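A quick write-up on the structure given underneath.
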Amino acid sequence: MADVEAALDAAGLSNPKVREYVAYYAELTGAERVEVVTAADDARLIQEALDAGELEPAGEGRYYSRSYHKDTARSEERTIVSTSNEADKGVYNNWRPSSEMKPLLHDRMRGASAGKTMYVVPYLMSPPGNDLAPWAAGVELTDTRTVVLHMIRMARVGVDYLNDLEDPDLFVRAVHVTGDLENLGQGTPDDQRYFVTVADERTILHFGSSYGGNALLGKIAHGLRQAAYDGWASKKFLGEQYMLIGIHDKETGKDYHICGGFPSASGKTNLAMMLAPDTLGDRYHVSFYGDDIAWLWVGQDGRLYGMNPEYGVFGVAKDTNENTNPTALRSVAPGTGTIFTNVAYNPATQEVWWEGRTPEPPADTTGWLDWKGDPIADRSPEQAGEPWAHPNSRFTTTLDNVPNIAQDYDEPAGVPIDAIIFGGRTRDREPLIRAITDLAEGVYDGLTLGAEATFAAEGVDGQLRYDPMSNRPFMAYSEGDYARHYLDVVGAASEQPIFAHVNWFQRDPEDGHFLWPGYRDNLRPLLWLLQLKNGEVEGRRTAVGILPKEEELNLEGMDVPAEDLERILTIDKARWQQEMGFREEHLKQFANLPDEIWEAHRRVAADLDAEEA
Ligand code: OXD
Ligand code: MN
C-alpha cells in the first residue's frame, strides 16, 4: 500500500481536506504509490514516459503518444451528470441520481489502480486571483503518466493553489482511473466505461479511458460541466465552450473582446487563432486568449467579463496547415514541449503528419506508421485510402507557445466582453453574419445553434443537429434553467454585449463552392459587428437580425464575386420558415424554458412571415 502521508508531506501538500481525499481514493483504487506533481516535474516525467515507451520523441522538445485504438474520442453516451435532485435532469445531460452513480463508480474503481502510481495533480482553472478562482481549484488523481503531462500543459498545476485556499474544502475532487482498456467493451452493449460528474458534490469520477477528452478532468469535466453547474448554483457565472479573442484597433487605440461557441468541426480553433488579413494588418491586431472555454461573469464595474480557465490548447490536428491555421503550426513547433496524440509518426525521422497537414502525405512512406502504429508501406491496396492519422488526433501545447497570445491572458482581471457570437457549419440559409441586439433573441439564437449532421442519413435534409450554445455535450442541469441563468447573468451587465450568428460555410447551390473564403477574412464581418455596436454603421434589419449592407463590409484586398456576396448577405425566407418549424420542435423538448425565449421565437417567426420573399 502507498504511504500517502509521506508522499503528501514530501510535496508540502498541507490542505487537510485534500489529504483526506487523496487518502480515501488511494485506499479505494489500491494504488501502489502516491506521487504529488507540480509543473516543475514536467521534464522528469517526460523522461520517465520516454523511458517507459509511453511517449516517443517527435523532434526537438516534442513528443508523440498513441492511445488505445478503441479509446480515441469523448464518449457522450457514457458521460453522465449526477446530482441528488431529479429536477436537474435535462434533455442532454444524461442525468442519473448520485445515489446510484457514486457507488457504481466506486465499485468500478475499487482496486483498479493496483500496481500503479496514483499521481496527485493540484490545479487551478483560472488565472490566479481571478474573481472566479474560488470555483477553479481542483485536484485530479490519475493513474496514467501521460494524463499528468497533458494536465501540466492544459491547467496551472501546483501545490500552492490548494494549500492557499480560503476555504480548504472548496476544491473539485476529480478522480481518473484508467481501467483495463483492452477489456472494457468500448462501444458494445457491455460497455464498462463511465464518466460521471457528481455536480452537487463537486466530485468527478471517470473510469475507463486515458484519452484526453475523457481523462483531462480539469478541462472537460471541471472547466465545462462542473463550472456550468457551479455558475448556476452560485448565481455568479457561466461556464461555456467558447473561444475568446481580442482585437486591437491601432488607429483608435481601442481593444475589443469577442467570445463565442461553435459546435465541433465548425472551425472554432482556427477562428480563435486567426490573424488579421494582410491588407488590414497595419490597422488591426488579433490576439488569442483561448480556443475552447470561457467563464463569464459580471465584474465589479458592472461589465460582462470573460476569461479562459485553461492554460493550453488541446487542438484537433486534422486539416491544420499553413493556410487554415499557421498560428497553430507555430504553437507546436520544435522546442514547444507539444505532445501529439494519434497522428501518423515516423520513428526513424521523428516526424509527424496528419490529413490536411500537406495536400498529399509524404511521398516516401519508409518508416511511417499510421496512428495505430502499423507501417504505411505494408498496407494492402484495399487499405490505401485509409487515413494515416485518426480524425480526432490532437496536439497539446501551452498558451504561451501561441505566437499571438494576448499579453494580459494571465492577468486576474479577465477582459470585458463586447460581443458573443455563435456559428455552425451550414451550407445554406445562414448569412455571413447577422447581428442580434436583444438579449433574449441572442440567447434564443444560442439555444437553436446547430451544425449540419455529418452524414445526410442522420437527419432530415436541411435539419441541423442542434447543439445549444455548443454546450450539448457539457450541459450540467436542465436547459430551461440554463436559459434563465444565462439571461440573468448577461442581463445584469451594465453594458450589454452584442450577439451575432456567423457562418463561413455557405456554398453555391449549383457547384458547391464556398461563397466566402473564410480563415483570416473572417475578421471582416467581426469588425463590422463592432462598428455596428459602436453605432458607426447601421446595417439592414431583417427578421433574423441585422445584416451588413454590402458597402459596410471592409473588403479591401478581397475579390468576392458580386453574386456570392449578395447571396451571403441575404435571407432565404422559405428556408428560414422551414427552420422555424424545426426550432419549435427542438425548443419544445426543454422544460421551463423562460417566456422571453418563446417570445423571441414567436417574434422572429412573425417577422419572417411579414418579410418580403
Ligand atoms: C472537446 C475538446 O472534446 O475540446 O470538445 O477537446
Ligand atoms: Mn471543446
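Each Cβ is built from the backbone N, Cα and C atoms, and glycine gets one as well.
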Of Ser126, Ser264, Ser266, which does TrEMBL put in the substrate site with Arg74, Tyr211, Gly212, Gly213, Asn392, Ser393, Arg394? Ser264
Please pick, from Arg425, Arg540, Arg541, the residue that TrEMBL records in the GTP site together with Ala265, Ser266, Gly267, Lys268, Thr269, Asn270, Arg394, Tyr519, Arg520, Asp521, Asn522. Arg425
Quick note, Ser264 (substrate binding site) and Asp521 (GTP binding site): C-alpha atoms separated, nearest Å, by 21
Inter-residue C-alpha distance, Asn392 (substrate binding site) and Asp521 (GTP binding site) (nearest angstrom): 26
Within a 10 Å radius of its Cβ, which of these binding-site residues (Gly212, Gly213) has the fewest neighbouring Cβ atoms? Gly213
Of Arg74, Gly212, Gly213, Ser266, Arg394, the recorded positions whose C-beta sits under 6 angstroms from any atom of ligand 1 are Arg74, Gly213
For substrate, what surrounds Arg74, Tyr211, Gly212, Gly213, Ser264, Asn392, Ser393, Arg394 with a Cβ no more than 8 Å from their Cβ centroid? Thr72, Ala73, Phe314, Val316, Thr341
Among Tyr211, Tyr519, the binding-site residues in question, whose Cβ has the most other Cβ atoms within 10 Å in this structure? Tyr211
Rounded inter-Cα distance in Å - Ala265 (GTP binding site), Gly213 (substrate binding site): 15
How big is the gap, in Å, between the Cα of Ser393 (substrate binding site) and that of Tyr519 (GTP binding site), rounded to a whole number? 21
